[in-house]
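Notes for the one structure printed next.
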Amino acid sequence: MTGKIVLLPGDGIGAEVIYAAKDVLEAITKKYNKPFEFSSYDIGGVAIDNHNTPLPDETVKACKNADAVLLGAVGGPKWDNNPSDLRPERGLLGIRKALDLYANLRPVKGFKKLLHASPLKEEIIQGSDLLIVRELTGGLYFGQPSERFDNGNAVVDTLAYTRKEMERIIDKAFQSAELRNKQLTSVDKANVLESSKLWREIVEEKKADYPNVTVDHVLVDAAAMKLITNPTQFDVIVTENMFGDILSDEASVLTGSLGMLPSASLAEDGVGLYEPAHGSAPDIAGKGIANPIAMILSAAMMLRYSFNMNEEAQAIEDAVEKIVNQNYYTADLKNDNGELVNTTEMTQLIVDAI
Ligand code: NAI
Ligand code: MG
């Protein structure tokens, strides 16, 4: 079986790092005899320039017919003053919605040689290795009503979820915990919010289906504190949309650079979308110095979650770890004892390690 992969390079460094991921996947093909078929489509600013829309129909159609989608990043100053329907990020929100990507998975792992790049103390972040599972299609960002009333002097936003929406993300988190260290932390605000009370009930009900996973509940304010005072206590964290939005940005400081952080966005049965946590980095775009590791690790997540290729995913992750531990680094990281390399060189080192 040939895996059908759609590449959405997007803008800025998105287009530079996505071909690094492709090179790494081709190394996997060589080593494990697993063929992939690639096609590229426009999204974001480049799609606005070429098609006058951030998300052309042909892009949506190709993604729906693929096995998995790799996305670089969208956006840049060129389109900042466009009207809202001609903004690059509309393309991103649109594709997430079109593919019903309800589960956002963000692994956060501190590499030993990069601990110094984090503003947090090395002894605190040493050994941290966690996965945040964030609900992506419900909650406060989508609930209705969301409006002003009383002549604009009062507002309402709505935090709405159905049991089914909660169950599917909580199941996904239990399943992710089973693949890792079997420890799940559910984050909520059950002392105040009705939505969190139902959430907590469902987590308790689901325990019986996953007897190997230990579960604890932490209130979101306490979780925010524990993430930066004692991050090694966490394995998998599951939480609703807004809490996950906030906690995943907070957790990114554990690694030292945005250039190291991959993500996966998954649908129930359909196509998964994999992208780095960073944006299009217009300040360094075109210079060939972007760190390709977040994108490459996103491709590894794709192998694991969309293709069930665990060994191949692990091979990519091990190769990245090996090269980082050999003190090679890109310009976003600082390593006084290391060797500075550019995007192409870093990619080649990882390909060779595979
Ligand atoms: P950004 O993540 O693009 O850049 C933040 C800083 O980190 C910059 O100094 C950049 O050079 C650096 N950086 C990021 N990724 C890097 C990498 N792989 N290697 C080396 N350095 C890296 O975020 P920013 O500046 O807030 O946004 C820039 C543009 O990207 C905006 O148009 C924004 O809307 C868009 N954006 C897109 C996202 C997406 O497509 N998922 C996510 C975040 C921002
Ligand atoms: Mg955010």
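Glycine is treated like the rest: Cβ placed from N, Cα and C.
Look at TrEMBL and you will find 76-89, 279-291 tagged as NAD(+) binding site. Ala281 (NAD(+) binding site) is surrounded by 24 other CB atoms, counting those within 10 A of its CB over all protein chains shown. Under DSSP, Ala281 (NAD(+) binding site) is assigned to coil, being neither helix nor strand in the three-state scheme.
Counting every protein chain shown, the number of other Cβ atoms lying within 10 Å of the Cβ of Arg96 (substrate binding site) is 18. According to TrEMBL, the feature substrate binding site maps to Arg96, Arg106, Arg134, Asp221.
Taking Cβ-Cβ distances under 8 Å and a sequence separation of 6 or more, Asp249 (Mg(2+) binding site) has no neighbours in its chain. DSSP gives Asp249 (Mg(2+) binding site) a helix state. Annotation comment: TrEMBL describes Asp221, Asp245, Asp249 as Mg(2+) binding site.
The feature domain 'Isopropylmalate dehydrogenase-like' is assigned by TrEMBL to 4-350.
According to DSSP, Tyr141 (site 'Important for catalysis') sits within a helical segment. Within 10 Å of the C-beta of Tyr141 (site 'Important for catalysis') there are 15 other C-beta atoms, taking all protein chains into account. Feature annotation from TrEMBL assigns site 'Important for catalysis' to Tyr141 (among others).
Lys189 (site 'Important for catalysis') falls outside any helix or strand according to DSSP and counts as coil. Marked as site 'Important for catalysis' by TrEMBL: Lys189 (among others).
Following the DSSP three-state reduction, the secondary structure of Ser84 (NAD(+) binding site) is helix.
Note on the domain 'Isopropylmalate dehydrogenase-like' (4-350): mean pLDDT across this stretch is 95. The record gives Asp221, Asp245, Asp249 for Mg(2+). Within 8 Å of the mean position of their Cβ atoms, the other Cβ atoms in that chain belong to Val220, Ala224, Met242, Phe243, Gly244, Ile246, Leu247, Ser248, Glu250. Among the recorded positions Gly76, Pro88, Tyr141, Asp245, the residues whose Cβ sits under 6 Å from any atom of ligand 2 are Asp245.
When the recorded positions Arg106, Arg134, Lys189 are scored by other C-beta atoms within 10 Å, Arg134 scores highest. The 6 Å Cβ screen around ligand 1 retains Gly76, Ala281 from the recorded positions Gly76, Ser84, Tyr141, Lys189, Asp245, Ala281, ordered by sequence position.
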